[in-house]
Amino acid sequence: MSDVRTAAPSHYRVLTGLVLGALAGIALGLVLAPPAVVAGVVDAGAAVRYGLPVTRVLLDVSATIVVGLSILPKLLGFDRPTHTEPVLRLARPAAVVAAVVWVVTALLAIVLQAAELRPGSDVSIGNAIDYIATVGAGKGLLFSAACAFVYLLVGVMAVRSGESVPAELRILISMFGLLPIPVTGHASNWKYHDYSMVSMELHVLGAAAWTGGLGALMALVAYRKGLLAVALPKFSRVATVSLIVVTVTGLFNGLLELILNPVVPFPQSMFTTGYGLLFIGKAVCAAAIAVLGAHIRWRLLPRISQHKVTAIVQWAILEVTIMGVAFGLAVVLSRAPVS
């Protein structure tokens, strides 16, 4: 069966859905849990108050894209290079561009978080360096930026040398760069800090593999029937594991914070606090994504395996868009006080 495209490329629609969904999630999150401005206390200003969540979600999205494009060679396999190489020739430079965005947004997040910590002070490199030296979140963001920069160098080598640069190396570097992300934003209850940090790291890794993998497939492989018939069943197994990991860790993290809320008792805290409303919003997104994923797996995958035409692109773009909304809500959740 030919792998020649039978319709227009979908990469712009996938990227647009993910980014617009993420920005919509930020907007919804700020409505559910608006940032408090205390009278008499110096505020960092609207540019920081709203610019920081946008920067953070773009960091998350770019890192997720890097992960997804790194996983793509493993999903496609290496036994049919004449079919897979045209796709990977697009994926490798796209991953480099996403890595550049990852580096820039991570460094910008350091500057903005330093300004937020010291409202009224000048936004400067000196303040950012001091923030890195004294605050763990600054160190985490710098480490993430460093991993993204290393990926950038390795990615350029892959653009020049192809799959002689192992996909496993690129996956490892991109995943490693995600590990500090929970330290740089998510609230955690110090009573169970170690457990919650491990749980949040698994949550971030699972979400990146799930969203990034689906986005990469739909952006570059959706209209290549032969390749999609090979790659989608593999991704379906990855998505199933990711769904379980993301759901379990998300429930654990959110409920732990709400149950241990020292001000508002549970379950009232779920419905009367901004944190609780954001948690519900993420849960609704997860449920919707699971339903869409089940539809793709049980209704569309059998037809795709037979190289039949389906509406998978439309369904998957909807799923990716909702994933973007969940990313936006997660960024606001990471900055929202539990009480």
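Keep in mind that glycine also has a Cβ here, set from the backbone N, Cα and C atoms.
Summarising model confidence by region, the domain 'Copper resistance protein D' (231-333) averages a pLDDT of 89. Annotation comment: TrEMBL describes 231-333 as domain 'Copper resistance protein D'.
The transmembrane segment annotation in TrEMBL covers 12-37 (among others).
Residues or ranges marked as transmembrane segment by TrEMBL: 57-78 (among others).
For 90-112 (among others), the entry in TrEMBL reads transmembrane segment. Counting only same-chain residues 6+ beyond the ends of the transmembrane segment (90-112), those with a CB under 8 A from a CB of the stretch are 11, 48, 51-52, 55-56, 58-59, 62-63, 65-66, 69-70, 72-73, 123, 125, 127-128, 131-132, 138, 141-142, 144-145, 148-149, 151-152, 155-156, 158-159, 162, 170, 177, 184, 216, 220.
For 141-159 (among others), the entry in TrEMBL reads transmembrane segment.
The annotation transmembrane segment is assigned in TrEMBL to 202-223 (among others). Tertiary proximity for the transmembrane segment (202-223) is limited to same-chain residues at least six positions away from its ends with a CB under 8 Å from its CB atoms, namely 5-7, 9-11, 14-15, 18, 63-69, 71-72, 75-76, 87, 90-91, 174-175, 178-179, 181-182, 231-232, 235, 238-239, 241-243, 245-246, 249-250, 253, 312-313, 316-317, 319-320, 323, 326-327.
The transmembrane segment feature in TrEMBL is assigned to 235-255 (among others). Beyond the ends of the transmembrane segment (235-255), by six or more residues, the same chain brings 71, 75, 186, 188, 196, 199-200, 202-203, 205-207, 209-210, 213-214, 217, 266, 279, 282-283, 286, 289-290, 293, 296-297, 301, 333 to within a C-beta distance below 8 angstroms of the stretch.
As annotated by TrEMBL, transmembrane segment applies to 275-294 (among others). Through the fold, the transmembrane segment (275-294) approaches residues 28-29, 32-33, 187, 239, 243, 246-247, 250-251, 254, 257-258, 269, 315-316, 318-319, 322-323, 325-326, 329-330, 332-333, 336-339 of its own chain, all at least 6 residues removed from its boundaries and within a Cβ separation under 8 Å.
Taken from TrEMBL, the feature transmembrane segment applies to 315-333 (among others).
Between the transmembrane segment (141-159) and the listed ranges 12-37, 57-78, 315-333, the one holding the most Cβ pairs under 8 Å is 57-78. The list of residues near the transmembrane segment (12-37) in space but at least 6 beyond its ends in sequence, with Cβ under 8 angstroms from a Cβ of it, reads 43, 49-50, 53-54, 57-58, 60-61, 64-65, 211, 215, 218-219, 273-275, 277-278, 281, 313, 316-318, 320-333, 335-336.
Here the domain 'Copper resistance protein D' (231-333) is broken down by DSSP into helix, strand and coil counts: 88 helix, 0 strand, 15 coil.
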